[in-house]
Each structure stands twice: as structure tokens, then as C-alpha cells.
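Just below is one structure, and these are the notes that go with it.
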Amino acid sequence: MVLVRVVANLLILQLSYAQKVSELVVGGDECNINEHRSLVAIFNSTGFFCSGILLNQEWVLTASHCDSTNFQMKIGVHSKKTLNQDEQTRNPKEKIFCPNKKNDDALDKDLMLVRLDSPVSDSEHIAPLSLPSSPPSVGSVCRIMGWGSITPIQKTNPDVPHCANINLLDDAVCRAAYPELPAEYRTLCAGVPEGGIDTCNGDSGGPLICNGQFQGIVFYGAHPCGQAPKPGLYTKVIDYNTWIESVIAGNTAATCPP
């Protein structure tokens with residue numbers, strides 16, 4: 001689930017091993033139209049390439065490797081072909097990255113806060129998702145969702161988002177699966193031991209929701225997607241709560257944890 005596929009050109013230059021930058025949910029089913037009200041679809045000139053999460057009426061959180069020139073965000077989307085009446089489109093007014101992010105490491109502190117050019121309104125298909133209030137426990141049931149590829153090798157992007165349940169695993173499982181990643185990365189490890197269910201190309205920036213709380217952002221994984229014993233890695237949102245809250249409050253110079 002090497003999430004680094006979303007920004008393929010950029011990441012290929014920096015991370016020859018990163019293959020899952022923008023992955024889709026493999027092994028899932030079509031999401032209920034009302035279960036992804038905070039899910040944001042991100043498009044550029046080539047089409048859909050990443051997801052994000054609506055935190056409030058003005059801010060979206062996604063992966064920093066989802067940054068692209070002239071992208072747009074669509075909120076309230078289910079089918080990419082059929083417009084919802086309450087669907088809203090916004091452009092980025094401001095993009096904020098961790099100021100202490102390592103410039104030579106595209107995967108370090110892989111978060112991007114995007115301020116919308118105008119606020120969105122809550123509606124039948126639009127509602128923000130709060131930051132987590134407590135960290136998740138190993139064994140927690142977690143929900144993944146996105147418009148990413150639904151096939152593990154050949155990229156097959158669906159018209160509607162797919163959802164699936166996976167479990168939060170011990171960090172040691174992912175450390176063993178991905179020894180190339182620095183130990184200081186603040187991540188969560190999630191998947192199913194037998195494989196077959198995973199985020200995949202195009203799912204980057206989307207959420208990992210554990211027991212109803214927004215705990216992770218799709219970050220990194222194996223290619224092909226869904227292979228055992230290589231679960232997905234997700235940026236650990238709660239470790240960045242203070243930074244996110246500070247930026248939203250107006251302190252755009254706030255520093256992320258090391």
C-alpha cells in the first residue's frame with residue numbers, strides 16, 4: 001500500500017521504493033452514501049488522485065504527498081459521475097505543512113492542512129469529522145474508505161467510494177514488514193493478517209476511523225495492495241492534534257512534534 005503513488009512523479013524522484021501513495025480500498029464494498037460525509041475527493045488536471053477529511057467548514061486534512069498544482073476539492077461526493085444536489089467544490093486558499101518537515105524526505109510528517117477558499121455548509125452528505133480524543137488500542141476495528149483502486153495490481157478506480165473494516169495491529173508488525181522506514185515516523189499499523197483487504201492506489205490522504213474516531217491518514221503500504229504479511233501504515237493523527245489545532249486557530253508557524 002505504498003501511498004506514495006498519488007504524487008507519482010514527485011515521489012518516484014525521491015522514493016523509488018514508495019508504491020502506494022494513492023491507493024484504493026481492495027476487498028471492500030461500496031460505502032453507504034451517508035457514512036462518508038467528511039470524505040473529500042481531490043482532483044487535478046488529470047482527474048481524481050487523493051482524498052482528504054473535512055475537519056470543519058474551512059479546513060481539510062490530507063497527506064502532504066497529495067500536494068499538487070491547481071487541485072480542487074469536492075465535498076459531498078458519492079458517485080464521481082452523478083452530482084449530488086448538495087455537492088460543493090472548493091479551491092485551496094492556503095496550504096500548511098509541518099515547518100520542521102525534512103525537505104529531503106517526502107514521507108516525513110506526511111500531513112497537509114488545506115484552508116478552503118470559502119466555507120462549506122453542512123448538509124445531508126456533508127459534515128466534518130472531529131480530531132481524536134484518545135489514542136486507539138491494538139485490536140480496534142477500523143474503517144477505511146476511498147475512491148482508490150479496488151484491484152491490487154492493475155489500477156481500477158471505482159465511480160463510488162469503497163469501504164472495508166480492518167484491525168489495528170501492533171507497530172512491530174509494520175516495522176518488520178517495512179524495514180526501510182525510519183523508526184521515528186509517527187504511524188499506526190492496520191490491516192488483516194491474512195491479507196486481501198487494504199487501502200490502495202488513490203486512497204492516499206483518506207481516513208482510518210477506529211471505533212468511530214479519526215485516528216489515521218492513509219500513508220504507506222505494499223504493492224500489490226492487500227498482500228500478507230504487509231498491512232498498511234497510517235499517519236497517527238492524535239500525535240499532531242496540537243499542531244492541527246494551532247494552525248486552525250491562526251498560528252500557521254506552529255511546529256509539529258519531532
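Cβ coordinates are placed from backbone N, Cα and C, and glycine is handled just like the others.
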Record Swiss-Prot, residue C189, disulfide partner from C174, C210: C174
Candidates C66, C200, C210 - disulfide partner of C142 as recorded in Swiss-Prot: C210
Site with most surrounding Cβ atoms, counting all protein chains shown within 10 Å, from the disulfide-bonded residues C163, C189, C225: C225
Nearest of the active-site residues (H65, D110, S204) to C225 (disulfide bond), judged by Cα-Cα distance: S204
